[in-house]
Amino acid sequence: MKVEIAALNHTFFTPQPRPALLNLDLHIPSGQFAAIIGPSGCGKSTLLRLIAGLLQPTSGSILLDGKTPAEANAARQVAWLAQSPALLPWLTVEGNIALARKLLATRLNHQMSVQQALQRVGLENAARAYPFTLSGGMQQRLALARLLIQNAGLWLMDEPFAALDEITREQLAAMLLDLWQPAQPTVLWVTHNIYEALRLAERVIVLSPAPGQMVADFSVALPHPRREDTPAFQNLLYEVRTALNQAVEAAA
Amino acid sequence: MKKPQPGGGQIAVLIVLFFLLVWEAAVSLSQIPVYLLPAPSRILQTLFEHPQLYAQASLLTLGEAFAGLLIGLLAGVLIASLLTLMPGLEEGVMTLAILLKSTPLVAIAPLLTIWLGFGILPKIIITALLTFFPVLVNVLSGLQKAENHHLELFHSWHASRGEVFRYLRAPNALPYLFAALKISAPLALIGAVVAEWTGASGGLGRVMWLAYTNLNLPFLFAAIFILAAAGMSLYRLTVWLERRIIFWQSHPEP
Ligand SMILES: Nc1ncnc2c1ncn2[C@@H]1O[C@H](COP(=O)(O)OP(=O)(O)OP(=O)(O)O)[C@@H](O)[C@H]1O
Ligand SMILES: [Mg+2]
């Protein structure tokens, strides 16, 4: 799914006006895995919420394959995963997946079974367990399986692994890439972690402190699996970090 | 919800026993006359001397309490659900409910007796009115308090209002329903007894009223003992059910 954002502005009234996004232009081609990086409070979550149709922009336009966010949402083409796995505690592992599958049944034609989705994230042996008996990493894997079974054209991910420890986060990032590979939906992935962004994404977009503006846009043309100890990786790392620091200093 | 302390139930029993012993000792040592405060032994003796009378009265009162509680529960859950699905109605209906809640039932009970007679109907109505409000308020807030991350998820699925209700709000409100039950179940007993007090052909409230007008305190206290035991049992039953149904609550939410 193609994402076209033009002259997007969003201001919160709390009640004094607080601009969160300023004049954002962004074009994400279909199937691209794009990471969005920016300082805390710069409007990353706001951007994803606007695309998901959870918020209405103050001005500007968002088109998803030519549809408005509301239309794309009604077509159930946009999947959402945030920092909390948002599992339903009264349902089992398979129950959580089955509910997503059931509520989306009209669109899915049931290509993937619950069991297959669980296998993809290595949870097939925990199908009957309840979410509260799972570790944080397993819970987020379950949320990934639920994301996968929706078979959406666009994945909006707001720091999905931020609450996890380093090792688990790396495992899940690698798993996310595996899950993305076969169908290659468009991914908009918000993260605070520059390493993580460069290891996974094809493109890294840097936003300025609030109100968020695009200050840099890097294309990461490195083959997978990516190694951090290559000069190309280190160069990009340096450039992204510099762009981020400059944006923060300019705003200060 | 905390797991019960090991032996927590036994400690409660011990405290009650200790309290009864102190009561017994105090009455017999200070020679308080029985028309002021009967000793527990005397009260239990009265109870066992009239098993049929107390059994019949208890059955009637508990039946009324139970029927009223059931009606109050159903009405509370239904109206809370309706207000969740049609939020526009909330303000009006809640104003009415609070009006009803603020009306002293002690004043309504005799009126109902005048209109509907000495049968069980006015008792059930009073009990239902009394138990309805905690259920309405608690269940409504449970239905409305679905968590943001869950609501966002259902939004991303483009779930209908009915689907959000059925798969998210309703299960989310179950712990609140039990919180309400813990308040409403003892209230149901009070409601039935107070209603009987204002005029009834039977029941524990009637027994208490007769005992009171005759200053027969052992008779009065025997009925109180039964009510206390019934209240305790109802509460324990609620907690027992809650543990089985809300199994996910003893753990932090994922
Ligand atoms: N519902 C809201 N009402 C008022 N202001 C808000 C609201 N949501 C966000 N904001 C403000 O908008 C700005 C951007 O918030 P946003 O959550 O998008 O930041 P973020 O980039 O996701 O930050 P973080 O990295 O810490 O998650 C912040 O200044 C925030 O205070
Ligand atoms: Mg955020």
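Each residue, glycine too, has its Cβ placed from N, Cα and C.
Keep in mind that this is a model prediction, so the values were computed, not measured.
The feature domain 'ABC transmembrane type-1' is assigned by TrEMBL to B:54-238.
Taken from TrEMBL, the feature transmembrane segment applies to B:65-86 (among others).
The list of residues near the transmembrane segment (B:98-118) in space but at least 6 beyond its ends in sequence, with Cβ under 8 angstroms from a Cβ of it, reads 125-126, 129-130, 133, 191, 194-195, 197-201. Under the heading transmembrane segment, TrEMBL lists B:98-118 (among others).
According to TrEMBL, the feature transmembrane segment maps to B:124-143 (among others).
Long-range contacts of the transmembrane segment (B:176-195) within its own chain (CB-CB distance under 8 A, at least 6 residues past either end) are made by residues 61-62, 64-66, 68-69, 72-73, 76-77, 105-106, 109, 112-113, 122-123, 126-131, 134-135, 137-139, 141-143, 145, 203-205, 208, 227, 230-231, 234-235, 238-239, 241-242, 245-246. Under the heading transmembrane segment, TrEMBL lists B:176-195 (among others).
When Cβ-Cβ distances below 8 Å are used as the criterion, the transmembrane segment (B:215-235) is approached by residues 34-38, 42-47, 50, 54, 57-58, 61-62, 182, 185-186, 188-189, 193, 204, 207-208 of the same chain, each at least six residues removed from its ends. TrEMBL lists B:215-235 (among others) with the feature transmembrane segment.
Within its own chain, the transmembrane segment (B:124-143) is flanked in space by residues 64-65, 67-69, 71-73, 75-77, 79-81, 83-84, 90, 97, 100-101, 105, 108-109, 112, 116, 165, 169-170, 172-177, 179-181, 183-185, 187-188, 190-192, 194-195, which lie at least six positions past its ends and keep a Cβ under 8 Å from the stretch.
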